[in-house]
Ligand code: NAD
Ligand code: UGA
């Protein structure tokens, strides 16, 4: 029977057979030949995404490969390279069964039926489009390697976030070097958020698959849809053309970031007028057309993607001759920068217009809670602003270590957008910054506290004890609205909470950038 089937059919049959629990002996013959997936890039996306595919598809062999030996060693150890709630359990269940991590990139790519590419796509730092365009160096080298080592037909899946029309460029690289092998390119952008990656992957709002509208393209889409159909309801798997899938990812991140900049812009107006941004956001979000999510005012959004993807969108608009649209989206980033500068200015102006020589405790450095990721964290800009005014910083984050913080603070803007583990440690560590292992050490003898990440533990610290051990007047600048400001004021703190009615102390102090 196998002779009458073309490769594509056998391949799809293997997947579908497992989904529908086919029981006959013949079917077992196919199922015994496992489908192989390889993912290039063992980062925040590649690692968790492949671990969940392995968990939900025991009939599929999943290999995650990376050029970084340190990262792969960590994936094979008891201390995974990224902190993500629930990830350890999933990896432990599958590793050594149908999930493996390896630096033997070429071997696993050559053996696989589906190759996901989940390498980093940072902002270009040099040359044409520097500071805006996506740097596709890592992507291009992965594509060239796939073309080089492939000996059988493959589906190549864009998992990384890429500019619209990247699939066309990748297709050209693959087909010009193909040696007669057929490659089908799919766009399957990832929507997980860090800190909730595992639950996002297990229960996604949608899975998006874009492909060519040709018979081969449609077959490839169906094949990938069958993988996700092991656990995602089919009505949540959206199939589109390639360009819609690529652009939808950039659009989704731009819309999400825009909501945060909108509420942060309102937070400045709230402080000027006596309105409370939480009350405003609650009232606005009650409108079912607007909805309540992503309306928390903050010191600014961070993370590896929002700024990078919007800059990329801006660049694409400019290249397509629509500068008005580019300017519209650029404003989302400008408001985010304004919010961080405003926060620093608020601190300095409240503390008698100087923080020179003063100890400031920084609570939280990660870009959000439940992650150790510091890429584009607002803490970098806030700390650099305070260091610029000669403050002495004592930083505590439950998931970020000293090396990481020193590296982030000594890097030039944009350098940190490139994979940190591939860069040498800066030879000079930042003076006047100490990194400590608990909030009480950080705050002892401090003049002020800045809360920059919304870790739950910061809500329930013993603020009376902290107050007793601080210089007076003692300030709290809450960049995440996590503390009970009234309770702290009763203890004696002067409290600034983003977008909330101002303390009398702060009212006359200018805080505009
Ligand atoms: P990351 O930097 O954590 O991981 C990328 C990995 O790719 C690195 O470990 C790097 O060593 C590896 N790599 C680079 N070139 C390689 C090559 N030629 N061969 C083998 N390995 C190579 O990045 P990430 O956060 O996982 O993001 C990956 C992509 O996913 C980006 O495009 C990003 O925009 C997108 N994305 C990220 C998130 C997120 O939450 N981090 C969410 C959705 C989408
Ligand atoms: C974001 C998107 O939420 C994901 O859908 C997307 O896949 C991902 O980017 C990506 O492409 O990388 P992530 O950056 O991991 O995920 O985390 P978010 O929860 O979106 O938070 C981003 C930043 O916005 C954080 O600094 C967070 O503190 C801040 N934020 C978020 C606010 O300031 N207010 C809010 O109401 C929500």
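Yeah, the Cβs are placed from backbone N, Cα and C, and that goes for glycine too.
As annotated by TrEMBL, NAD(+) binding site applies to 41-46, 66, 71, 119-123, 160-161, 194, 305-308, 375. Mapped onto three states, the DSSP output places residue 307 (NAD(+) binding site) in helix. A C-beta separation below 8 Å, combined with a sequence spacing of at least six in one chain, links residue 307 (NAD(+) binding site) to 123, 257, 301, 333, 336, 376.
Feature annotation from TrEMBL assigns active site, nucleophile to 305. The C-beta environment of residue 305 (active site, nucleophile), restricted to residues of the same chain at least 6 apart in sequence and closer than 8 Å, consists of 161, 253.
Taken from TrEMBL, the feature domain 'UDP-glucose/GDP-mannose dehydrogenase C-terminal' covers 361-485.
Listed binding-site residues: 44, 123, 194. Those with a CB atom under 6 Å from ligand 1: 44, 194. On its own chain, residue 66 (NAD(+) binding site) has 40, 41, 42, 43, 46, 72, 101, 103, 105 as residues at least 6 apart in sequence with a Cβ closer than 8 Å to its own Cβ.
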